[in-house]
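Reading through the structure tokens given below for one structure.
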């Protein structure tokens, strides 16, 4: 009896229909960028000084900047209009017989050295309130964490297309409301709601694009779908440069998503999902549309298509199974750590680059460009060299590059940017590889659960990383890079402890995982397992 993969070989595995679907879903992947890394531009931290009333006239006379003598978080409790103040050494002329000039709280706000506005400048998220910027980014990652579980259930229960359209609508509504809400609290709430739906939306697109193509193209379109996110980084950087005001920036990166609602008419439901729900007639109608669009003929036996369950699918998945046996336990712990590390380094390097002394927009551009060779290296190496060594090397390069970046002096900024970009390329490779290697290390019946549990550490890392970056830079600007280096180097070493999965049949049971070497399986089972993998 034929499977869906057999029929796709006849009607086209990656022909006109699949290419059209792939293109429109890549637009969705690119549009996810502002939610994931928006803190770089929405919450950039300009140079700032505590404002002191009466200092303007003295600053004009002495030729200082508008903020007077520098002090970020406290203000000097002095009378600035005193004519005896020295322009060359104002503080000593104010001290008199005192050893220090008295300092007080910054009651009248701050002066910012910036032509644009950000969340920081609008709500004065500096000094005692600087932690609120950390919370702003952590809120969206907390939404990712909760949403990835709930939205994943909706996609499995009600379909990929239903999930996609509803999360697009919710994301658009939240994005538009962010432009107008007046308080910091509502901004954090809406940011959390965006995270709740946006990652599930991106994941539903990933699942759909991999389920409408044949097995030979599934991994390639998955990698290129993630590369579309990198294209989104470049577009987001250009728009942010043109519109340096965070609320107005929110509109042009949100409104185009309204057009994604038109996907109701131009995107199919996943035929694999329909078959898994017993809706074979609807599935075959979509397959027939694929054949018509691809100008191919349906095979004569296509009416007999059926989704068959393997014996492994009858087992009940349990969290205990993830750590029950030695090899499963080792795989689970290493994968969890690598998901965590990939998220921390990827987001952390983006945030830290936003705090660098150079041009924020150019630095962001350079670091985004290196993601394209990262995807190319993965495509070239994974089926020639394997998964384990390129993955380990990517982590080691990322960790070493972070260490080198931290040790380069600040006055050689161009060299720091190059080193940071190499680190960004390494962690991009590691991030993309952990996505599909995770599916190859778990048996069929527990694969979805295994990926869900391990990838949840990615969102935990996203919640923690703003506090790592923004708090540690106050101790030493490059201290977060030292932390990233340690995490990356450990991750690279741990990857070498995992088994190589290149050319191996995906495991069906826990016993297969424990005896991974030398496995083989009938071709039909391989096709079934590919279907399961695409639904992760």
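Just so it is clear, glycine is given a Cβ too, placed from its N, Cα and C backbone atoms.
Curation plays no part in TrEMBL annotations; they are all automatic predictions.
Database features, via TrEMBL:
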type     : residues : note
TRANSMEM : 21-45    : transmembrane segment
DOMAIN   : 85-503   : domain 'Major facilitator superfamily (MFS) profile'
TRANSMEM : 135-155  : transmembrane segment
TRANSMEM : 162-181  : transmembrane segment
TRANSMEM : 187-209  : transmembrane segment
TRANSMEM : 221-243  : transmembrane segment
TRANSMEM : 249-267  : transmembrane segment
REGION   : 295-315  : region 'Disordered'
TRANSMEM : 334-358  : transmembrane segment
TRANSMEM : 364-382  : transmembrane segment
TRANSMEM : 389-408  : transmembrane segment
TRANSMEM : 414-437  : transmembrane segment
TRANSMEM : 449-473  : transmembrane segment
TRANSMEM : 479-498  : transmembrane segment
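Per-residue confidence over the domain 'Major facilitator superfamily (MFS) profile' (85-503) averages out at a pLDDT of 85. When Cβ distances are compared across the two stretches, the transmembrane segment (21-45) makes contact with the transmembrane segment (221-243), since 3 or more pairs at least 6 residues apart fall below 8 angstroms. At the 8 Å Cβ cutoff, the transmembrane segment (187-209) and the transmembrane segment (135-155) share at least 3 close pairs (sequence separation 6 or more) and count as touching. Between the transmembrane segment (479-498) and the transmembrane segment (334-358), three or more CB pairs separated by 6 or more residues in sequence fall under 8 Å, so the two stretches touch.
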